Ligand SMILES: NC(=O)C1=CN([C@@H]2O[C@H](COP(=O)(O)OP(=O)(O)OC[C@H]3O[C@@H](n4cnc5c(N)ncnc54)[C@H](O)[C@@H]3O)[C@@H](O)[C@H]2O)[C@H](O)CC1
Ligand SMILES: [K+]
């Protein structure tokens, strides 16, 4: 009997269902995938009595669809299968699945049928999975457009058809799922670029982890425990020196807002002191909204602090370049953002000096800055974000945060992960400045470099998610609203931390 699947736990909006203990002689992988898909579909159809439509493709993704259809047929549900290929050309397992569907009395239509009067209970995309090789066009594209227009839940098997499982790019046209059941492990393309817009609610079915065709996209499962003692409660016998000095440097004439945003964020994320070095000779000597910030002429701020973030509103003139050279020559942990990245992109001596440093460096480019650094076009960066992030990490021997939907973190040794927090409310001016400030604050508090990077990126997005949950955004969410939400999250995590 088909039972609806029950979530074991939800992390960052992704439910992961551990497959119930399998009989010793495990059924073939496709059987397990098709059944797992059917169990998920039952959950989606609980209050929807109508028929189920499954569109099958020419490969094993289609095979999963035939297995799923057979389970529904044997459970007595009305199920319609559309398959426009040649069953004789189906690959091995998929052919067997189709034959089992046929032998169970299932019929296969060669075109998409029109919806019954009561509408479909659910439509299932079993057209293409990880085997998509080229942009989808012709009849499959017509099917996808027609399915996307249907007013009912839409479920994808493994990968929304038309989405590249590696990069999150849409090849031609892509199925817009309300739910995606992916197998064995998350694929990077489900988590970055256009993946999240096409997956809907994402469920990972581990299927007993048989063929690990993809490395799990690490880092998507971000939980306080990842940060170890960083969230241990503060000792009573504390003083601000214990929480470090963060330094933000930027603020060329007319661009002081950016470093002030970074500085304020650094305060909210717990730095003991925050120095903001401003290039503009007419810059204010105090931030009247946040007088805790210690404003300094930029060249004086360089000698402060444990961690220096340089770039917000820095500008690209001689003075900015000279400051950047001094920062790179320093022994500090360094965060390069915004104009510091643009200067780096055109200054090979800086690049050389960067790779000779001992203290860690973090680059925080958005796609256009990454394109300048790699002498590429922004579209090329977005075409394979993971590749671009890894290339930057290697080229500059630095840790990299490639910002955007599903921000990518790449380390110089080639390890990488994708952040799952955040939402379109972050598409607003100043959000990058806030991230830079968060990073400087965690580094100033002597977080290990990888925890600081993951912490800053995750908290940045999680703060935006918290604001969204309160009805603030996505329209009009302001960068200066994030730091208070970050502070709330960090203190919640401290409260959750085991005290003994
Ligand atoms: N690997 C695993 O761990 C599991 C895989 N399963 C399922 O199998 C698919 C992958 O199957 P595969 O046959 O490799 O690829 P697809 O089914 O995605 O399709 C390939 C099929 O489609 C043709 N094709 C590719 N691009 C196009 C295009 N643009 N237009 C037309 N035709 C195209 C190609 O020639 C092939 O014929 C995986 O996603 C899972 O769903 C298991 O069942 C579970 C574990
Ligand atoms: K699919």
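Count begins at 1; order follows the chain as displayed.
Cβ from N, Cα, C; glycine included.
TrEMBL names 403, 404, 405, 406, 407 for binding AMP. Of 430, 432, 437, 455, the residue it gives for the same site is 432. Per TrEMBL, K(+) is bound by 61, 125; the candidate from 37, 97, 161, 238 named for the same site is 161. Summarising model confidence by region, the domain 'YjeF N-terminal' (9-215) averages a pLDDT of 88. Recorded residues residue 405 (AMP binding site) and residue 130 ((6S)-NADPHX binding site) have their alpha carbons 21 Å apart, per Cα-Cα distance.
Rounded to the nearest whole angstrom, the C-alpha distance between residue 140 ((6S)-NADPHX binding site) and residue 161 (K(+) binding site) is 9. Taking a Cβ cut-off of under 6 Å from any atom of ligand 1, the binding-site residues 60, 125, 161 reduce to 60. The K(+) site is defined by 61, 125, 161, and by the 8 Å test on Cβ atoms against their centroid, the other residues of the chain that qualify are 55, 57, 62, 65, 126, 127, 128, 129, 156, 157, 158, 159, 160, 175.
According to its DSSP assignment, residue 140 ((6S)-NADPHX binding site) is helical.
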